[in-house]
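A.B. asks: As listed in TrEMBL for this protein:
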- 19-162: domain 'Fido' (DOMAIN)
- 99: active site (ACT_SITE)
- 103, 104, 105, 106, 107, 108, 109, 110, 140, 141, 152: ATP binding site (BINDING)
């Protein structure tokens, strides 16, 4: 089965409710359905176990829509309409949001952001961001949750601000260490 024939859909909105058969009947070609556990790293900065439902759906149309979403993401990241730093963090959020697999998503998203920062700015910026995210993990995850709060209507300004603060903290720590050693 290639990527145009299958899609994993994770039900996070109502993790403790079973999917109704009528709902599943709308999707032709459901091949697998199972329930399991996943680690939710976002709840108040703590990892918690949640149930999920995973099923494989044969829906080429949805995958073509996904392809268009990814093409739009690539166009955005290559556009010159925003400062590179803002664009890096906005693209980071949207990558995490549209990436269809929730397990391992964060590592790939952070890696891409660091590669982008290293390419567009400098390698030390990428290293300090990566290191500081590791130290500020609860703050890092909380910013994602806040964007997705219904009352915030997807406002991303504070997300970008929080990521810039994390980056600034990392750079300040690096400067302090360099001054102390030299």
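Cβ atoms are placed via backbone N, Cα and C, with glycine included.
So that I understand the layout, could you describe where these features sit and how close they are to other parts?
C.D. replies: Model confidence over the domain 'Fido' (19-162) stands at 73, taken as the mean pLDDT rounded to a whole number.
Packing around residue 99 (active site) is summarised by its Cβ count: 18 other Cβ atoms lie within 10 angstroms of its Cβ, all protein chains included.
Proximity of residue 107 (ATP binding site) to non-local residues of its own chain (separation of 6 or more, Cβ distance below 8 Å) is seen for none.
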A.B. asks: List the same-chain residues at least 6 positions away in sequence whose Cβ sits under 8 Å from the Cβ of residue 109 (ATP binding site), in sequence order, or say none.
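C.D. replies: Listed in sequence order: 92, 95, 96, 99.
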A.B. asks: A 10 Å Cβ contact count, applied to the binding-site residues 140, 152: which residue has the minimum?
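C.D. replies: Comparing Cβ neighbour counts within 10 Å for the binding-site residues 140, 152 gives 152.
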